[in-house]
Amino acid sequence: MLGRNFPYFNSVGGFYSRENSRRQPGTGYTSKVRVRDKYHIVGFISSGTYGRVYKAVGRNGQGGEFAIKKFKPDKEGDIIQYTGLSQSAIREMALCSELDHANVVQLAEIILEDKCIFMVFEYTEHDLLQIIHHHTQPQRHPIPAAMVRSILFQLLNGLLYLHTNWVLHRDLKPANILVTSSGAIRIGDLGLARLFYKPLNSLFSGDKVVVTIWYRAPELLMGSRHYTPAVDLWAVGCIFAELLSLRPIFKGEEAKMDSKKTVPFQRNQMMKIIDIMGLPHRDNWPGIVHMPEYSQLQSLAMSRAPNHISRTSNLGSWYQNCLKNGGYSVNSSVGTPGDDGFDLLSRLLDYDPTSRITAKEALEHPYFKNGGPISANCFEGFEGKYPHRRITHDDNDIRSGSLPGTKRSGLPDDSLMSRAAKRMKE
């Protein structure tokens, strides 16, 4: 039974209406408004190829804390070329202006000032990468099983909302899963998100590289030109595993594109998956023979000695070792991931995207049905405290910050990540 703290999802896949939506539909562009007139800039959070992110508080009676994402115009050398915004920036603004769900980051407004775009979001104090990192210091101690369950449920709840509205996220990873101080999960950074309802061209033709390498689904690694919301569910499986083990389950090295922008076969990442999940074959993934990189997979299998490549899945032993080393009970009981947790993980990490569990099916899984109510506050019952985001005050001039343009190069955008967390990830 699901807790009453979750009024958003019902058993038939719909969403209960709320008396007070978090904002009016169509929140969007605000003209003739200056950022500093509405917001006091507290300090600098992080930066990337898109621009910079600052923490702010509202002025003139507008309460609350905000994260202001400043997009920079494209630059060529020292000359700024006002050539418009990147596709990713336009998508993020368009989608965030329409989406409204408790488990998706909330956009307050968009401001245009001096040919710069500012996206004003609600402020979130934590993200999953910070939380995972906290549990590795000074020595490893597990994230409580009840917290993992709440995090995963809220994440899937937000993902169901996105998929129901024909939105693929395409960059789910711990750094992009935000957590408020009250323990609410928000899916953030929709810079790579896009609508997938009747696309005019294949999704591959628009963005040849999607999803950070450690969380990239096997169909993407195998060069699939057409993919589905299943790519987001694989990433959720990777995040679930990382919450339990406190380290990425498939930590491969990314092969970079050559000068001709040819997407290479990610051999090392595929091997990391095979080491745990076994070699994919027609029995567990019938469509694999039609994948563009299938010959590369065959070559990879033949290049390794027969006893040096796993033909069957080792996920079960990985999971048991994870529970044992993490201090969880290996038996299925209240407060531990147990057998239900393994079944959900294995269905999220199904090689075949056509049989991989959906967000709706996952929310109805026994892992959530059994074990009592799920709190909408993932910190409920947790006696420890997580450190706040690192905010620097020596670089808080939102008007003068100078960085590259809005265009992404690969997948660098950990927009609300602290500097320390970025260094840890690298």
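Cβ from N, Cα, C; glycine included.
Secondary structure at Asp171 (active site, proton acceptor), taken from DSSP and collapsed to helix, strand or coil, is coil. Taken from Swiss-Prot, the feature active site, proton acceptor covers Asp171, and the record attributes it to sequence analysis.
Residues annotated as ATP binding site in Swiss-Prot: Ile45, Ser46, Ser47, Gly48, Thr49, Tyr50, Gly51, Arg52, Val53, Lys69. In this structure, Ile45 (ATP binding site) is part of a beta strand by DSSP.
The compositional bias 'Basic and acidic residues' annotation in Swiss-Prot covers 389-398.
The domain 'Protein kinase' annotation in Swiss-Prot covers 39-368. Regional average pLDDT for the domain 'Protein kinase' (39-368) in the model is 89.
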When you measure from the Cβ of Ser47 (ATP binding site), how many other Cβ atoms are you left with inside 10 Å? 21
Taking all protein chains shown into account, the Cβ-based neighbour count within 10 Å for Gly51 (ATP binding site) is 24
